[in-house]
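**Q** This is the structure I have questions about; it appears just below.
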Amino acid sequence: MADQIAISVLGAGSYGSALAISLARNGHPTLLWGHDPAHVAELEQDRCNKAFLPDVPFPADLQLTADLQQAVQAAPVLLLVVPSHVFGQVLAQVKPFLRPDTRIAWATKGLEPDSGRLLQDVAREVLGDEMPLAVISGPTFAKELAAGLPTAISVASTHDDFADDLSLLLHCGRSFRVYTNPDFIGLQLGGAVKNVIAIGAGLSDGLGFGANARTALITRGLVEMQRLGAALGADAKTFMGMAGLGDLVLTCTDNQSRNRRFGLALGAGKDVNTAMAEIGQVVEGYRNTKEVHLLAARCGVEMPICEQIFKVLYEGKNPKEAAIALLSRDKKDE
């Protein structure tokens with residue numbers, strides 16, 4: 001790959017903006033696309049994302065557009081950073097404008113709504129089996145990445161050369177380390193399941209259960225992640241890395257996590273809608289909980305923590321009763 005390669009980042013929220021800022025700082029021609037022309041005009045005028053990253057100015061050469069055709073045709077690499085529930089929709093909109101050399105990656109963490117399918121399956125259904133695909137995942141908060149604080153992630157792809165190219169594209173020796181990982185399934189799965197467990201960690205803390213309970217929940221949540229991964233053919237080692245344990249610990253323990261804050265609000269007695277409104281941004285874990293529930297049921301995998309969180313969010317179960325249900329399960333070996 002050349003020293004510089006053009007890339008279009010699709011999704012101008014906090015994480016999409018942070019990735020675009022990092023890529024532009026790396027010297028790569030970067031175009032940031034947002035679906036709302038008024039929002040993009042505001043970003044262009046302010047030269048920063050005032051809503052989410054007000055203290056981080058856009059690099060001078062970072063370009064912005066609300067024209068999807070322009071964004072897709074401007075670069076051979078597309079990086080989708082959109083909520084999981086619109087992932088397939090955005091790919092369908094992208095498809096008519098694809099270049100012959102287009103390769104597609106995503107930083108979206110989640111599964112397909114109403115089916116629980118992996119995003120790779122959604123992408124292949126829309127784009128066919130020949131399109132090179134990749135996923136980036138790991139413990140990253142947008143504010144810290146945009147501020148240039150030390151960060152590490154992993155990238156996996158259907159094509160080894162694409163994974164290598166993406167790692168070179170994203171890697172910044174000063175602050176951003178990128179590892180390649182051959183486990184395409186595991187990286188996708190870790191990002192979805194950790195969101196659910198993070199809601200559980202917030203619930204536990206909101207109920208005042210303390211550090212012991214939070215740590216037990218993280219540890220057993222990792223087991224559930226590995227269990228589901230094994231059923232889908234993922235490598236168990238992946239879940240001990242950036243996209244598994246790393247992302248899980250980050251989102252379960254730091255209040256920058258929307259999923260954790262959502263759980264905290266629920267644990268404090270607020271209902272789902274009120275808690276969601278307080279966050280003011282997409283809480284991916286809310287939808288991920290249903291998606292993981294569907295996927296686990298289809299695979300016949302027992303995930304008791306994720307199941308109790310599903311009951312709280314979608315069946316109105318009292319959070320304290322859900323915690324009691326977990327603690328009162330039959331004795332078993334670790």
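Placement of Cβ uses the backbone N, Cα and C atoms for every residue, glycine included.
Sharing the feature lines straight out of Swiss-Prot:
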BINDING   Ser14, Tyr15, His35, Lys109, Ala142, Arg258, Val282, Glu284  NADPH binding site
BINDING   Lys109, Gly138, Thr140, Lys194, Asp247, Ser257, Arg258, Asn259  sn-glycerol 3-phosphate binding site
ACT_SITE  Lys194  active site, proton acceptor
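Describe each of these features in terms of where it is and what it packs against.
**A** The Cβ of Ser14 (NADPH binding site) has Asn49, Ala51, Phe52, Leu53, Ala142, Lys143, Gln281 as same-chain neighbours under 8 Å, each 6 or more residues away in sequence.
For the recorded site, Asp247 (sn-glycerol 3-phosphate binding site), the DSSP three-state label reads helix.
Look at Lys194 (sn-glycerol 3-phosphate binding site): DSSP puts it in a helix. The Cβ of Lys194 (sn-glycerol 3-phosphate binding site) has 32 other Cβ atoms within 10 Å, all protein chains considered.
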**Q** Highest Cβ count within 10 Å among the binding-site residues His35, Lys109, Arg258: which residue is it?
**A** Lys109
**Q** Where the distance is taken from Cα to Cα, which of the binding-site residues Gly138, Thr140, Lys194, Asp247, Asn259 turns out closest to Tyr15 (NADPH binding site)?
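**A** Looking at Cα distances from Tyr15 (NADPH binding site), the smallest one goes to Thr140.
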**Q** On a C-alpha basis, identify the one among Thr140, Asp247, Ser257 that is nearest to Glu284 (NADPH binding site); the candidates are the binding-site residues.
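**A** That would be Ser257, the closest of Thr140, Asp247, Ser257 to Glu284 (NADPH binding site).
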**Q** If one measures from the C-alpha of Lys194 (sn-glycerol 3-phosphate binding site) to the C-alpha of Arg258 (NADPH binding site), what distance in angstrom results, rounded to a whole number?
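**A** Distance (Cα to Cα, whole Å): 12 Å.
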